[in-house]
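Asker: The structure follows.
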Amino acid sequence: SSPPSGDAGEDAGELDFSALLKKREKKQVEVKEEVDVWEILKAAKPCDYEKIAFEYGITDLRGMLKRLKKMKKVEPKKSDAFLRKLDSAYSVDKGKKIQLSVEVADPNAPIKWLKNGQEIKPSAKYVFESVGNKRDTHDNKCNLSDDAAYECVAGEEKSFTEVFVKPPVTITKLLDDVHTVVGERVEFEVEVSEEGANVKWMKDGVELTRDMAGSKYRFKKDGKRHILIINEATKEDIGMYHVFTNGGESKAELEVEDKELQVLQSIADLTVKSTEQAVFKCEVSDEKVTGKWFKDGVEVRPSDRVKMTHVGRTHKLTIDDVKPSDAGDYTFVPDGYALSLSAKLNFLDPPKIHLDTSGASSKNVITVVAGNKLRLDVEISGEPAPTVCWMRGDKVVSEAEGRVRVETRKTLSSFVIEGAMKEDEGAYSLTVTNPAGEDKAELFVKIVDVPNPPENVKCTSVGEDCATVTWDPPAFDGGVPIKGYLMERKKVGSSRWTKLNFDVYESTTYEAKKMIEGVLYEMRVYAVNGIGVSQPSANSKPFMPIAPTSEPIRLTVEDVTDTTCTLKWRPPEKVGAGGINGYILEYCKEWVQANQDLVERTQYKVKDLPVGEKMLFRVVAINIAGRSPPNKRSRLLSHTEHPKIRLPRHLRTKLLVVVGEKVNLVIPFQGKPRPVATWFKDGAPLEDRSVGTRTSEVDTILFIRSAERSHSGTYTLSVQIENMLDSADIRIQVIDKPGPPTDVQITEVWGLNVSLEWKLPKDDGNCEIIGYTIEKSDMKTREWFTTYEHNRRPSCTVSDLVIGNEYSFRVFSENICGLSDEAGVSRNTAVISKTGLAYNPLPFKEKDVSSSPKFTAPLVDRSVVAGYATAISCAVRGHPKPKIIWMKNSMVIGEDPKYLMQNKQGVLTLNIRKPCLFDSGRYSCRAVNDLGQDEVECKVEVRGREQHLRGGSTRGGGGASLGDSGGQKYSP
């Protein structure tokens, strides 16, 4: 609502309502109603404007009249007398001042003021002013009779206006004070003298509008009645309310009080045990009242355990499976009332000791290393807080300061042992009590420590570089099982101990290695458990590594009687620093020591043996380190001795026998009872009837009456007694004189010299050829003279021959049996010609040089660049001259003009003109004559120029050069 209208003359023309209306049109004001009002205003008389404004609720009549004036405005004629005319209309409240003003063109021109056509004269009511061109008239206090048409006349011209005088709006029914409670509806009502009048509402000096925050206020018009409505009163609405009209005002006071609500049943304190249900319940007088529940000032939210209900006038809060965290102050607050209902939930929880008892034993064993601090924190629960008592046996552990003490806080009880000692070990108990019950826990404190050192460390045996050390476990293991041991050793006289192991060793027997023979050592041992390492043991007595010898070898039976057996053996291969003190011989069924005193010799005769028994014998060597191992193969004696062949020395190598000679081999053997002798030849039983054998108790004979070459081979004698066996091999080679050399020929004659060559004899007599004897014969005398004996090579040069003689030569081959019976005679003779004498040569006999083709230079693989001429070459010999055939990929090239074939003195060339990529392939050259043929082949690879430019091989260029050398040139 706008304030009451002031002086029309002061505000006329200052506001542009047309622009404001345009903006309102954009906000989609109901245009139809506005257009209708304008139509009514246009058609109405000026005296009816106020009435229309009230009827249609127009709040700013002055602005609308200004707009109406613009709408009615017709283009005015240009005025000569007036610089500024009167506005078309003025509106003013009754009793207010009215001022009409114009400006004239001529400051000296006289003007007249007319009211409804009657001239107005200056008086107390009307005051005229003239300042320069400006002419004013004032009516300081207008009344309803001043509602009229006014004119200003200057010469022939007039300026016209309408003045509307609004009657004052008075309040006919005043406001009443209002007293209410929170949330109720409040209405302030006033009645005014005019229908449709505007009023202004204020609270505590602040104007109330529809646009105030939250639109708390509503304004209602009903004819002359104006109502201010507050939907839900709050304490903030308390105050003085004013209503204003242009003719009066009224005021009233609003008082707001809190609602009153009767509590029919309040909530009560609860004491609940764990997992039980807690129910808070209250009843109020109004069943429509809602409310909220709070715990310790925080609103309670529903969950799986917490439920809130409102049935009629009763409100309930139910908590299932109560937990300690549910304890606290609970409050119910009804909505809209300054009222709250409170009660406590006390949680009653039996005492509980929260100790991990997951172990299999009913006793909770706590292990502490001696000297360490034990602090056992035990969580205690229970409501109210329980009383805690620690006991050892029947004695209470005090909470006072001390080495063994208890420290207690609200939910934690701590059992402390400072510097644990063995006497602290034992059973302890913890008891907690409160009104809801009791809980008890049993504990066992175990004190553990590093073990005692091992005892009785000693060396039980020694070797060449090793020793065996044993010890006893510690008397006390520290309360924890022994994991193993750590060993150290040192040389006697040294202070430096050497660790022998880093990982614990579990056994109590240890073999120390890598020691020096003949040096004194000491050992000590540490014990290790889960807590740590013990002190070292006492040192062992000094000990010295000395090795027994290796086993004696080659134990043999030398002689046997019914009750004695003489044995021989060889000393051990490995003796060492301890030397050998002597030997002990043992025999068995169960091993019996044969000699009480050591035997220093390597031979001993065992006496008083049981007759007819099978006996095993073994021998050991003795020195300061003890017994050696026994010999590896014990000797078995059954009545007598193991079979043994006594092979004569001359039969241990190959036996050479000349064909026709007699063979008679006597091979003695030993063994009792009589061994069975068997002969083999080349691994198969001997079945040749021309070879005889005969066996006695002590030897066997192999004889051949007349040796043949076929008798050569390896003869094996095997002698066996039960499962005991001995064998010997005799290799016999039957030899004969060799055959003569073959193909003896004179290869060259020069001056007084002749060169001879021959080939090996076809039969070497079954043994190696050791040389040749060369003899010469003059064709005149026909007598043979020895030139060379024992010539090793199958060739020789004979010198110092006689000029003019013709010689023939013969050659004998020789092995260890002697010279061959026949000689190889040269196929041709050598003539030693005289110098300067006429020589009548024999008719020339052309040498036969015929030969099959043979390539002496092969074709070589080539890699060439396309477009550059290339060539491939090879060389061939053969008589008669072979025919040459060139082929590519096994196809004959023929008369292809791309190729040029040349043959110069057996050098063959194939030129390829401007090869392309398709000329790659396998090229071969075949040479053929009547005696045979030969062929060579190569690969030719032709590469593109681009490939060549990218860095390919440059061998193609070389091919082009070879092609040029062949004598053939091509123009590209």
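Each residue's number is its place along the chain shown, starting with 1.
Every residue, even glycine, has its Cβ placed from backbone N, Cα and C.
Note: TrEMBL annotation is automatic and uncurated.
According to TrEMBL, the record shows the following:
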- 76-172: domain 'Ig-like' (DOMAIN)
- 259-331: domain 'Ig-like' (DOMAIN)
- 351-444: domain 'Ig-like' (DOMAIN)
- 453-549: domain 'Fibronectin type-III' (DOMAIN)
- 551-643: domain 'Fibronectin type-III' (DOMAIN)
- 643-731: domain 'Ig-like' (DOMAIN)
- 740-835: domain 'Fibronectin type-III' (DOMAIN)
- 853-941: domain 'Ig-like' (DOMAIN)
- 947-972: region 'Disordered' (REGION)
- 953-966: compositional bias 'Gly residues' (COMPBIAS)
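Are these features on the surface or tucked inside, and what touches them?
Answerer: Counting residues per DSSP class in helix, strand and coil order gives 3 helix, 37 strand, 33 coil for the domain 'Ig-like' (259-331).
Taken as a whole, the domain 'Fibronectin type-III' (453-549) shows an average pLDDT of 90 in this prediction.
Using DSSP to sort the residues of the domain 'Fibronectin type-III' (740-835) gives these counts of helix, strand and coil: 0 helix, 52 strand, 44 coil.
Assigned with DSSP, the residues of the domain 'Ig-like' (853-941) fall into helix, strand and coil as follows: 3 helix, 58 strand, 28 coil.
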Asker: Using DSSP, break the domain 'Ig-like' (351-444) down into helix, strand and coil residues and give each count.
Answerer: 3 helix, 56 strand, 35 coil
